[in-house]
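According to Swiss-Prot, the features are:
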- 152-188: region 'Disordered' (REGION)
- 13-57: repeat 'WD 1' (REPEAT)
- 68-106: repeat 'WD 2' (REPEAT)
- 188-227: repeat 'WD 3' (REPEAT)
- 231-270: repeat 'WD 4' (REPEAT)
- 275-315: repeat 'WD 5' (REPEAT)
- 318-358: repeat 'WD 6' (REPEAT)
Amino acid sequence: MSSVSVHYSTHKINKVRFLNRNFHNDTSLFVTGTNHPVLSKNKISVWGLESRQNSDEIEELASVPIDGIVTELKVIEINNKPMIIGSTSKGSIFMYSIFNLPNKFEYIGYDGLLDKKYENYNNINNINDTYDTCNLLKERIWFNSSSNNNNVNSNNINNNNYNNNNNNYNNNNNNNNNNNNNNNNNNNNGSCINSFDISYDQHSLVTVGNDGVMNLLSIENLIPIYTNRYIDGLSVNVVKSITSNQIITSGELGRYIKFWDIRSNSSQPVKTIKTQCPRIFSLAIHKDEQHIIAAGSSDGQVNLFDIRNDYSIDQNKTHNSNVWELSFSKSNPNQLYSCSEDGFIYQYSYNKDNLGGGGMMTLPNQINNTFDIYSKEVSLLQLPTSIGSIDSFDINSNINRLICCSTSSQCLIVKSL
């Protein structure tokens, strides 16, 4: 029997993401971002989750203030270090590394020795910050000042792959602190970044925003390596990476899904699909069959498209309001999930014959990996009523847990699957 636990917060949490790694026990890490109307009161946090038979306990391990509403959030691993990457309504992309995880939340492969390098650096430079507890350390930040390409800049706060040369650390820190002050003075009001996505190889990330511009940034230093100013005449709502070179977007003009190839010499999309959706808020790409795209719209529709064609291959009118997020399951990519402003989360199973019922608990040898729209099963996930809009969700298949958040109820909900 599945369990549901509700955890109330003093903050309006609007983004939640798991770190998808194997942990030693029934634990996991997830991160959150907020959308407080007073922009200076927003923050990102890292949490620990302990999975139990009848309930789940969460614990906020560390947090840092963020200037602006958090519009998107990812957590990945770089050089054996968990890294939070996020975007804001004030036009910044930020990267924070997570240091000194409590022992019970250390995952397989986590290298805690990297933390000592920063402790040594602080001792040499007489910095009083302690790292006895879990902390978030700013690594890099980039400001979207795309109205003037010369103003697009990045601030690499800790680079050189954790250089052991302490003199280099000292020089780099002084230079970067000066750059940081200049950046903060000149770029606090960049164009809002509505969405970003990370390439499959984790070498780059792509951003879109209110300015209708697409930027491809190197994750190593957050320096733009490709810019296209002709994505849309208005704001772009969502972007997803198909491959390191292929990207899809949808914007305020609505109804259109555009496909881009940065290897092309043209600034125009290589393909455009006109949908029946009034406005698309969310996109998802099938992990194994990357020609299958899911789109969630403002009228509650969740439609599937095969980009080899110009029409939808499946339509679902399950929600009655904005579909904020979509995600294919990482463990069973033939399962799609959607969350909406109407307060519901749906699962769409496209497994051939739906062996094992299509649930998350299906054993690997019971899953038929064939994607089949004719074997679709749609189910509503049971959540507490009167929660309000479900703004974001994520699934950790290692512990069979779904986590979601609601800004209207200011809560996090953890559900076993």
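Yeah, the Cβs are placed from backbone N, Cα and C, and that goes for glycine too.
Put simply, of 68-106, 275-315, 318-358, the stretch with the most CB pairs closer than 8 A to the repeat 'WD 3' (188-227) is 68-106. Outside the repeat 'WD 6' (318-358), and at least 6 residues removed from its termini, the chain residues within Cβ reach (under 8 Å) are 20, 281-289, 294-298, 300-302, 304, 366-373, 375-381, 383, 385-395, 397, 402, 404, 406.
For the repeat 'WD 1' (13-57), residue counts in helix, strand and coil come to 3 helix, 27 strand, 15 coil, using DSSP. Mapped onto DSSP helix, strand and coil, the repeat 'WD 3' (188-227) counts 0 helix, 21 strand, 19 coil.
Each residue of the repeat 'WD 6' (318-358) gets a DSSP state, and the totals for helix, strand and coil are 7 helix, 18 strand, 16 coil. In the predicted model, the repeat 'WD 1' (13-57) has a mean pLDDT of 92.
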